[in-house]
C-alpha cells in the first residue's frame, strides 16, 4: 500500500492524540504513513512528538512523525485531516461556565449547546473555516476532514455547508452507551446489536437486540434500575428512558443540560445527578476534569514517556471511529459505525440541513449512511429544538450577527427555561466582551456591548452552582490514585 499523510490539528491534546496514533498503528497496513502534528503550543507539540517518536522507535516502525506550528505546512498533501481543537483553551472555557452561572444557568459540560456550547461554537467556526480553506488549497485532492472537536454538530455543519470540504463528525457517545446496555443485559461480545439515531449528544437507541431478540423499554428500565452503579449514576437518563421509551446515548451530565426540565431549579439538581464522577452532572465538571488532566500530564510526563516504550501489541485499540474509518477506506474491510453527516433524508423526521448522527458503513467507496430511519416523536421533537439552536448559532458565527446569536441562546432549551430575554441579552453581551479576542467576527459589536453592560440593569450573582467541586491539587490526585490502586488490589 502506498504511503500517505495524516494531519492532526490540535495535536497538543496529548492523551487523545496518543490514542488516535496507537489506534491507527494497530492496523498493519497503516504503519508506513506520515503523521503531521500541528498545534499553537510548541511546548505541547514537543511533548506529544517525543511520546510518539518513542512508540515508533520501540516498535521499529516505518512511521514518520513531524510537528510544526505552521498548520498549512502540516496539511500539505494530507489525505486525512483530524481536528481535536479547543479554541480559547481552558481560559475561554472557564468563561463558558462562569458567566452563565451568574444568570442561574448551571452547566455540567457546556460544549454542545446551552450558553457555553453556543459561545464555544462562535470561537470554533471561524477557525474551522480557516482549516477548510487550507484543506481545499494544499491537502491531497479529495482529502477527508474528520472532526472530533465540539460543538460537534455546529463545527461539522460549518465545515460542510460553508467550508465545502468532505467532512464527517466523530464521537464516542454511542459506544459508551452500548457498553452500558451490554453490561446490564449480561451480553457477551457479538451478542448485542443496536441502531442509534438522532443528533450528536442526543442520539437514541431506537432498536436494541440481544441475540436477535428485540429488547423493549420495560426490560431496559428494570435492568438499569437493578444495576448497583448505573441506578445511581444515570438517574436522569433512566427517567428519560421511562418517559421517551428509548435510552439516550449521552452521559447523565451531558443530557441534563440539553433538556429544559432537570437543571432549571437549583434545589432539584441534586435529585438527578450523581457526584461519584464529574460526568454524572457536577457543575462545571468537565472544566474541572480538563484542568486536572492538564496539570496531571505536565507533572507525570516523564512516566508517560517511559510507558510509550511498550510493545504496540500490548496497547488495546480503543473504540474511537477514526482508525476504523481509515482502515475501511484504505483496505476495503467494511466498518459499521455511527457518524455525523448532513441529514439529507437519512432521518425522515429531522430537517434536511441538520447534522445528524446515525449508522453508516465504510468501505473503499466511502461512508454510506443507512437511510430512512424515523425517530420516535418525542426524540425528534427534542432533537429539532436543538437543531434550530444550532442552525441559528452557525449562521450567527458566519455573519457576526450578535442579535441572531442572542436569539440562538434565547431559544436554547435550558437557558430558555431559566432566563428572561433581558437576562439572555445581557449574558451574551458579557460573554462576547469577555471572549472578544477569540471572536473576530464580532469585533464590530464589542464597543456597543461594553456600553450596554456599563448601564446594565439586570441583577446577577456570583454563584458557584448547585454541585461544584474545587480543582484538586496534583498531590490530592496522586493520593486518590494510589488509594484506588490499593482498593483494586484488595
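The backbone N, Cα and C atoms fix where each Cβ goes, and this holds for glycine too.
Summarising the annotation, Swiss-Prot assigns NAD(+) binding site to 4-70. According to Swiss-Prot, the substrate binding site annotation covers 150, on the basis of similarity to another entry. Residues annotated as Mn(2+) binding site in Swiss-Prot: 171, 201. If you look up Swiss-Prot, you'll see 172 marked as active site, proton donor. Summarising the annotation, Swiss-Prot assigns active site, proton acceptor to 258.
Structure coloured by features recorded in Swiss-Prot.
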{"residue": "13", "record": "NAD(+) binding site", "DSSP class": "coil"}
{"residue": "22", "record": "NAD(+) binding site", "DSSP class": "helix"}
{"residue": "31", "record": "NAD(+) binding site", "DSSP class": "coil"}
{"residue": "40", "record": "NAD(+) binding site", "DSSP class": "coil"}
{"residue": "58", "record": "NAD(+) binding site", "DSSP class": "helix"}
{"residue": "67", "record": "NAD(+) binding site", "DSSP class": "strand"}
{"residue": "150", "record": "substrate binding site", "DSSP class": "coil"}
{"residue": "172", "record": "active site, proton donor", "DSSP class": "coil"}
{"residue": "201", "record": "Mn(2+) binding site", "DSSP class": "coil"}
{"residue": "258", "record": "active site, proton acceptor", "DSSP class": "coil"}
Cβ-Cβ distance under 8 Å to residue 172 (active site, proton donor), same chain, at least six residues away: 319, 320, 321
Between residue 150 (substrate binding site) and residue 67 (NAD(+) binding site): CA-CA distance (Å): 23
Least buried by Cβ count (within 10 Å) of the binding-site residues 13, 22, 150: 22
Residue from 150, 171, 201, 258 whose C-alpha is spatially nearest that of residue 4 (NAD(+) binding site), among the recorded positions: 171
Binding-site residues near the residue listed as 'active site, proton acceptor' (Cα-Cα within 10 Å), from 22, 31, 40, 150: none
Inter-residue Cα distance where the pair is residue 171 (Mn(2+) binding site) and residue 31 (NAD(+) binding site), in Å: 24
C-beta crowding around residue 31 (NAD(+) binding site), within 10 angstroms: 17
Those binding-site residues, out of 13, 22, 49, 150, that come within 10 angstroms of residue 171 (Mn(2+) binding site) at the Cα: 150
Cβ neighbour count within 10 Å of residue 258 (active site, proton acceptor): 26
Those residues of the chain, 6+ apart, with a Cβ under 8 Å from that of residue 40 (NAD(+) binding site): 12, 69
The one of 58, 171 whose CB sees the fewest other CB atoms within 10 Å, among these binding-site residues: 58
Residue 4 (NAD(+) binding site) CB neighbourhood, other CB atoms within 10 A: 17
